[in-house]
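Each remark here refers to the structure printed beneath this line.
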């Protein structure tokens, strides 16, 4: 638990030592550490801090997360600026000042907020580090504007961080050397662990949102500083800050899905698009002298998507919803100004976003740690909707229930559909052969249609949505290739032919997806079908045969279908019921299509899931469950109808009889006198384990309540019994009583080693599946013949995961007793 904290704090100390050395030697003609080397070292440390911050945050809620990630993105942008200086891209002192100041201003304020909250929450070490780095940044800003202000003040602040890091390292070393007897104040991480875990599991707060808000401050600072006169110009030296914010924002988007926060993850995905577009505009003067122009249609559509997202986020937190309205104003300001980021209107909104993001950072960060919360209106709209019979907010354990079993991520389809809407409007812009990059289209197509759609496809795959993820990934690749080809000026006679061949291949793939969506739902069928219109537009454009107006028609049709899917996914993630349904499958199939609404999928990690499976079994249902070996199909012994149903559902062969499972020998205690003592002792010694014991059939079977269905269990002479070595399975049997078991696959097929396979093979024949991912073992249990154990001999019907020698050793020990 302490590993990531130790590495993180020592990494911050190491970076601070480098910067302290740099600034102490700053007055010299040649710095002690060359700028390029310093930049590379800061990049390495920033990646280390990002790793430790993320992995620690997945276990505990702590101020350590925003501190690590904030300093990580700080040093990432800072390091690239130093590299640009070392390579001669930044020519003089003014260039360095214009490049560095926007980032330094942002992190001065952001780290000051973290320091204040850390002091209030008595996190003294984190508070000292944050305040020292904040003061170092503030002193460096002053140093860049005044030669009289020496660099030693900056170095002193970084030395404070080094001293705090040294104190922390000494505390950890003493803690381990004295075997946890001596712990310096503030270095005993074990005391905080329980409290942090309680905080991390209480409520549904997204702990990554703070870092996302700081990233919004960073990108807004670059353009806001130009309006306020803090910097003299916008140029390539500020791209590292904007694009570092964009890259980290995509990471925060993914982590927000990990935190099961669909709305904030979508918001961070949207803002990352704006950051990459801003960086693209700053790079544009490198290859073309004039400033780029913005397509109005994109930004109008983007503002509509922000409005819709703000309305839904208001239901969760009105303050967050109001914050999103700043981005609505930003998109409107960009749309109304042809030069976009370079004009005063959007830059004025950037200043407002900077201030609003700082306030939101303070609110979110304080509410994560403090017991007394700053009111954000959370629950207000929920209380109003509680009186409505039409709309009811979706809450509870099933809010983010995946399509198949257990998933660590919330559904990313909202972002995927929104990116389809954005990317489709790229069709309305015609590429200019003379100046192909003059219109800012590539960021929208490549980032929105490509990168974020790939993200949505990856998350969909993690949630078991194989078809949807395949479509998202295919479309993302298509948008990236076509966007770079059309708007990057890559078209030529030969390339056009090759592009046309590739597009035809994509159309064939999409035709297969369209066919598969017949079995999914109506909305997805039209979504994939209308993408063919987009692909046809790509093809006609590649061969220079695009008719006038076709692009606009294809954009409107595909854009409207995508927008409906976007709204439907938002409603599904927010409200109970189907306000905007995706529709039923056009072609109904048994198995996947037929079992979709019938077969429950419940994660095995939740005790409530095991209880629901137990209730289904008690009511005569059959279920697929995980075990210590492979997945099995089970029914309760005291429900003869369920036993017969289990036998018929998988077409059980006569030579593969069903077996009996119990959770402990106490369940057979009433019939103990009917077992010979040696057999009973052997069962006690062998279980729980993946060993099935085939015992003589007798009157003891009547105690199980199977009645006439007992003929389906075992053979007329014997029955196989086992106590599985799996806590989930034995807990379920404790709740239900003895169960009959058979492999969860049709007779003659391979064993089932994943809950997805249970669904695929028996989805329409079982009532529920308890999902636990891949099986711990792919080998079945060892089946031992104990019908002649009274003579001291046993046989083996099947040697599985437990070898013969181990079983014989157990028997020998029992016989010695």
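Heads up, the Cβ atoms here are built off N, Cα and C, so glycines get one too.
All TrEMBL annotations are machine predictions without curation.
Annotation source TrEMBL lists domain 'YrdC-like' at 607-802.
Per TrEMBL, the feature transmembrane segment maps to 7-26 (among others).
The annotation transmembrane segment is assigned in TrEMBL to 32-51 (among others).
Look at TrEMBL and you will find 63-87 (among others) tagged as transmembrane segment. Within the chain, the transmembrane segment (63-87) has long-range Cβ neighbours (under 8 A, six or more residues past its boundaries) at 5, 8, 12, 15, 34-43, 45-47, 49-50, 52-54, 56-57, 96, 99-100, 103, 107, 110-111, 114, 117-118, 121, 123, 126, 129-130, 133, 137, 207-208, 210-211, 214-215, 218, 236-237, 240-241, 244-245, 247-248, 365, 368-369.
TrEMBL lists 207-229 (among others) with the feature transmembrane segment. Among residues of the same chain six or more beyond the transmembrane segment (207-229), those with a C-beta under 8 A of the stretch's C-beta atoms are 57, 61, 65-66, 69-70, 73, 77, 101-103, 105-107, 109-110, 200, 238, 241-242, 244-246, 248-249, 252-253, 255-256, 259, 261, 264, 267-268, 271, 274-275, 278, 341, 344, 346-348, 350-351, 353-354, 357-358, 360-361, 364-365, 368.
A Cβ distance under 8 Å defines the sequence-distant neighbours of the transmembrane segment (241-260), meaning residues of its chain 6+ beyond its ends; these are 50, 54, 57-58, 69, 72-73, 76-77, 80-81, 102-103, 106, 204, 206-209, 211-212, 215-216, 218-219, 221-222, 266, 268-269, 271-272, 275-276, 278-279, 282, 399-400, 408-410, 412, 415, 447, 451-452, 455, 459. The transmembrane segment annotation in TrEMBL covers 241-260 (among others).
Residues or ranges marked as transmembrane segment by TrEMBL: 267-287 (among others).
Marked as transmembrane segment by TrEMBL: 293-315 (among others).
The feature transmembrane segment is assigned by TrEMBL to 351-368 (among others). Long-range neighbours of the transmembrane segment (351-368) within the same chain, counting only residues 6 or more positions beyond its ends whose Cβ lies under 8 Å from a Cβ of the stretch, are 61, 63, 66, 106, 109-110, 113-114, 116-117, 120, 199, 205, 207, 209-210, 213-214, 216-217, 220-221, 224, 227-228, 319-320, 323, 326-327, 329-330, 374, 376.
Per TrEMBL, transmembrane segment is recorded for 414-431 (among others).
Taken from TrEMBL, the feature transmembrane segment applies to 467-485 (among others). Using a Cβ-Cβ cut-off under 8 Å and counting only residues 6 or more beyond its ends in the same chain, the transmembrane segment (467-485) has close neighbours at 413, 416, 420, 423, 426, 441-442, 445-446, 449-451, 453-454, 456-461, 491, 495, 499, 502-503, 506, 509-510, 513, 516-517, 520, 524, 527-528, 531, 535, 538, 542.
TrEMBL lists 497-520 (among others) with the feature transmembrane segment.
Long-range neighbours of the transmembrane segment (525-546) within the same chain, counting only residues 6 or more positions beyond its ends whose Cβ lies under 8 Å from a Cβ of the stretch, are 417, 420, 424, 427, 471, 475, 478, 482, 485-486, 491, 496-497, 499-500, 503-504, 506-507, 510-511, 513-514, 517-518, 553-554, 557-558, 561-562, 565, 586. The feature transmembrane segment is assigned by TrEMBL to 525-546 (among others).
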- Query: Any residues 6+ beyond the ends of the transmembrane segment (497-520) with a Cβ under 8 Å from its own?
  - Reply: 467-468, 470-471, 474, 477-478, 481-482, 485, 491, 527-529, 531-532, 535-536, 538-539, 542-543, 585-589, 592-593
